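Trainee: Below you'll find the structure I mean.
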Amino acid sequence: MANNSQSNKYLIFLELLFYAALPYAIWKFGREPFGDYAAMLLSTVPGIIYTVYRFAKDRQFNVTGLFILGSMLIGTTLDLLSGSAEQMIWNNVYLGLFYTFLYVILFIIKKPFPLYVAIDFAYLQGYARKDSKALFFQKGIFGWFQLIQIVFIIRGLVMAGITVFLLRKYGIDSYGDMLIYKRVASWVFSGIVMGMFFYINVIVQKYTNRLQEKKDEKLPELDIVAD
């Protein structure tokens, strides 16, 4: 338990360093020598490096990993094509809302993205994707993945709202504050999602235990033959 706690603290420190502290420092001290747009582009480099590192370390060569890598490549390409710092921020807002729209579509057609994240995680634990998918679509379990999908949708709207509010009220100078506020908001939503995933795990364990009990009840009693 102590090792897990230390590991979580280390991951939080790395996220804070690569997604907030380093980008903020690059933005703060790079604006004058490089200009707003170049400084903003450079501020995304630590996050990209850390994302690629985590991708390779966790070996997320699956739906989840491909989504993370694909969205990073799309975001980076969009940043490079933006042409100005302010347009870069607006493009990220539009991209975030596009992903939110996709989450809404997946919710409507009952293909929640968190469910496929859970399938990938279960696969890394040694469970077949087909079995996990059948299990997670069971009544009483599936609904929780839909609720997490709703949290994803709310998160996308909140992130876009924070960005638009700060940009319209304070302009491009608020970019450093955006990094901090959005990272804190991201942690809050991540905590909610993790809590819901833990609860789903409890439900899954109870469900599989009931199935095992039913199987045991159906097994015929073996006659013991004494010598």
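Using N, Cα and C of the backbone, Cβ positions are placed for all residues, glycine too.
Dumping what TrEMBL says about this protein:
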- 12-31: transmembrane segment (TRANSMEM)
- 37-56: transmembrane segment (TRANSMEM)
- 63-82: transmembrane segment (TRANSMEM)
- 88-109: transmembrane segment (TRANSMEM)
- 141-167: transmembrane segment (TRANSMEM)
- 187-204: transmembrane segment (TRANSMEM)
Trainee: Would you kindly list the residues that approach the transmembrane segment (187-204) from elsewhere in its chain, counting only those six or more residues past its ends and only Cβ-Cβ distances under 8 Å?
Mentor: 12, 114, 118, 135-136, 140-141, 144-145, 147-148, 151-152, 154-155, 158
Trainee: Using Cβ atoms and a strict cutoff of less than 8 Å, what residues sit near the transmembrane segment (63-82) while being 6 or more residues removed from its termini?
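Mentor: Apart from its flanks, the transmembrane segment (63-82) reaches 37, 40-41, 44, 48, 51-52, 55, 88, 91-92, 95, 99, 113, 116-117, 119-121.
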Trainee: Using a Cβ cut-off under 8 Å, which residues of the same chain at least 6 positions beyond either end of the transmembrane segment (88-109) come close to it?
Mentor: 37, 40-41, 71, 74-75, 78-79, 81-82, 146, 149-150, 152-153, 156-157, 159-160, 163-164, 167, 172, 175, 178
Trainee: Using Cβ distances below 8 Å and needing 3 or more such pairs, separated by at least 6 in sequence, tell me whether the transmembrane segment (37-56) contacts the transmembrane segment (12-31).
Mentor: yes
Trainee: In the same chain, which residue numbers or ranges, 6 or more beyond the ends of the transmembrane segment (141-167), come under 8 angstroms Cβ to Cβ?
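Mentor: Same-chain contacts beyond the flanks: 86, 89-90, 92-93, 96-97, 99-100, 103-104, 106-107, 110, 112-115, 118, 135, 174, 177-178, 181-182, 185-186, 189, 192-193, 196-197, 199-200, 203-204, 207.
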